[in-house]
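S.K.: Feature list, courtesy of TrEMBL:
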type     : residues : note
DOMAIN   : 48-449   : domain 'Major facilitator superfamily (MFS) profile'
TRANSMEM : 50-76    : transmembrane segment
TRANSMEM : 88-107   : transmembrane segment
TRANSMEM : 119-136  : transmembrane segment
TRANSMEM : 142-164  : transmembrane segment
TRANSMEM : 176-195  : transmembrane segment
TRANSMEM : 207-227  : transmembrane segment
TRANSMEM : 266-287  : transmembrane segment
TRANSMEM : 302-324  : transmembrane segment
TRANSMEM : 331-351  : transmembrane segment
TRANSMEM : 357-380  : transmembrane segment
TRANSMEM : 392-412  : transmembrane segment
TRANSMEM : 424-444  : transmembrane segment
Amino acid sequence: MAHGIRPAESDRKRPSVSDINEVEIGQDLDAQKFSDDLVFEFPEGGRRAWMAVAGAFLCLFVGGVEYSFGVFITYYSTHFLKDEPVSTIAWIGSAGAFIHTTVGLLVGKLYDDGWFRHLIFIGSFLHVFSFMMLSLCTKFWQVWLAQGIGMGVATGFLYQPALAIVSQYFNRRRSFAMGIVMTGASTGGVLFPILMNNSFDKLGFAWGIRVAAFLMLGCLIIANLIIAPRISTRSIGGKTRIKKDTISRQETPIHKINYRQFFDPAFIITTAGCFLIQIGTGFPYAYITSYATLEGNISANLQFYLLPLTFAGSAVGSPIMAALGDSAGVFNVVISSTFISAGLQASIYGAKTDASAVVISFLYGFMAAGFQSMVGPIYARLSNTVLEIGHRMGIGFFIIGIGTLISSPIQGALLGSNAATYEWWKPLMFSVLCLLLGSCLLVVSRHMLIKRLGVLQNIAGFIRA
């Protein structure tokens with residue numbers, strides 16, 4: 001049953017959608033309580049909805065190159081940046097991932113204010129331009145500017161709006177739709193490492209990068225053409241205007257975000273937990289190729305395919321975890337999958353054969369998808385209204401981005417400076433500890449969310465939080 005707005009308590013006649021072009025949202029309604037399903041009717045499907053999912057998928061697909069930085073670490077450390085310590089090279093990928101999430105503070109606000117198309121277009125242009133510039137780089141500072149700064153900003157402009165736009169079309173099936181979108185990043189993480197490894201060998205670094213850039217260009221052109229917002233807003237003079245043709249019903253004004261309620265304990269503890277999980281999650285993505293190469297126990301033909309195998313596991317796991325998120329609860333999925341990921345990551349140290357390396361890589365990617373594909377739904381779950389989602393994602397992704405920034409350099413420092421004497425157990429145990437602590441914090445925030453929603457006595461609600 002579609003839900004509309006609660007009837008107004010005042011007898012004063014309110015303007016209907018057909019009477020006005022825009023509805024102004026004033027600043028005096030902070031105390032008004034409502035939930036998404038009482039304000040908007042979500043299509044839960046349809047041509048426009050699935051086109052938005054497809055466009056968002058393509059946006060995250062091109063961003064998958066960011067998650068395959070392990071290939072770049074291996075290449076840089078053996079070619080034109082071979083004189084740089086691996087912990088220094090790791091700052092390139094960490095800076096890009098950090099900036100990607102840091103710009104979320106700005107991007108979230110701009111998205112909520114209705115600048116979705118501008119964000120996607122700017123991000124698309126900058127992404128292709130920066131990757132083309134990377135093909136010309138020969139020095140550390142050049143790579144840092146092109147891949148660290150340029151692509152970091154570009155991915156930030158694409159990633160968060162692409163995830164958030166899906167929330168406008170789906171409520172009941174939101175986790176599933178977001179999971180499909182997140183599969184784009186995993187699919188890119190499978191394809192781009194293989195593409196670039198083969199291109200580097202056959203075409204050289206410069207043309208290998210350009211081939212990937214042209215593929216990105218085609219995907220982003222399609223994404224810009226097919227993706228469109230359902231709810232278009234503009235912030236004007238301290239008020240928000242919602243265009244009439246983008247909502248199902250609008251009989252009662254909607255309040256602006258109440259920041260006292262926004263920064264509730266569940267949101268803060270959830271963000272702290274995600275921060276720790278992000279630190280712990282990244283080790284295999286950054287170092288599994290180097291581990292397989294330097295340990296010498298994995299066959300040469302397999303070494304460079306372990307990272308794509310990890311992303312293949314994520315690609316398979318993302319839609320499955322997303323479907324479970326809708327049925328079992330997003331917090332339940334993230335907590336359980338992160339605990340299992342911690343055990344799988346610890347077992348990497350014992351992967352001494354080809355078979356064990358393949359199994360662990362795939363399973364780790366599969367279970368890690370529980371966190372990676374559910375970060376967006378987690379913040380959507382914490383939001384009181386669809387108009388808060390961009391803000392919550394922006395602030396949450398900013399904090400998570402700090403974890404991304406410091407993760408690889410800390411792990412590189414724990415490894416040591418001499419490749420011949422790397423101590424792999426140190427960064428592995430550090431990462432496992434972060435995963436376990438982060439999961440425990442999410443257990444606490446889950447309990448707080450259940451109490452806030454008032455479903456503690458409802459067994460079904462308790463199980464599906």
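Yeah, the Cβs are placed from backbone N, Cα and C, and that goes for glycine too.
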S.K.: Under a criterion of three or more Cβ pairs within a distance under 8 Å and sequence separation of at least 6, are the transmembrane segment (207-227) and the transmembrane segment (50-76) in contact?
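M.R.: Stretch pair touches.
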S.K.: When you check the transmembrane segment (266-287) against the transmembrane segment (357-380), do you get at least 3 Cβ pairs under 8 Å, counting only pairs 6 or more apart in sequence?
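M.R.: The transmembrane segment (357-380) and the transmembrane segment (266-287): touching, yes.
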S.K.: Residue list, the transmembrane segment (176-195) vs rest of chain: Cβ under 8 Å, 6 or more residues beyond ends.
M.R.: 49, 53, 56-65, 67-68, 70-71, 162-163, 166-167, 169-170, 208, 211-212, 215, 285, 304-305, 307-308, 310-312, 314-315, 317-323, 325-326, 365, 369, 372-374, 376-377, 380
S.K.: To the transmembrane segment (357-380), which of 50-76, 88-107, 302-324 is linked by the most Cβ pairs under 8 Å?
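M.R.: Of the candidates 50-76, 88-107, 302-324, 302-324 scores highest.
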S.K.: What stretch in 50-76, 88-107, 119-136, 142-164, 424-444 has the biggest tally of Cβ pairs under 8 Å against the transmembrane segment (302-324)?
M.R.: 50-76
S.K.: Checking distant contacts: for the transmembrane segment (119-136), what same-chain residues at least six beyond its ends satisfy Cβ-Cβ under 8 A?
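M.R.: Tertiary neighbours of the transmembrane segment (119-136) are 59, 62-63, 65, 107, 110-111, 142-143, 145-147, 150-151, 153-158, 161-162, 205-207, 209-210, 212-213, 216-217, 220-221, 223-224, 227.
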S.K.: Return yes if the transmembrane segment (50-76) and the transmembrane segment (392-412) have at least 3 CB pairs under 8 Å (sequence gap of 6 or more), otherwise no.
M.R.: no
S.K.: Other than its close neighbours in sequence, what residues sit by the transmembrane segment (142-164), given a CB gap under 8 Å and a spacing of at least six beyond its ends?
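M.R.: Sequence-distant neighbours of the transmembrane segment (142-164): 55-56, 59-60, 62-63, 65-66, 72, 76, 81, 91-93, 95-104, 107-108, 111, 116, 119-120, 122-127, 129-131, 133-134, 136, 178, 181-182, 223, 227, 376, 389-390, 393-394, 397.
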S.K.: If you average the pLDDT over the domain 'Major facilitator superfamily (MFS) profile' (48-449), what number do you get?
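M.R.: Averaged over the domain 'Major facilitator superfamily (MFS) profile' (48-449), the predicted model reaches a pLDDT of 82.
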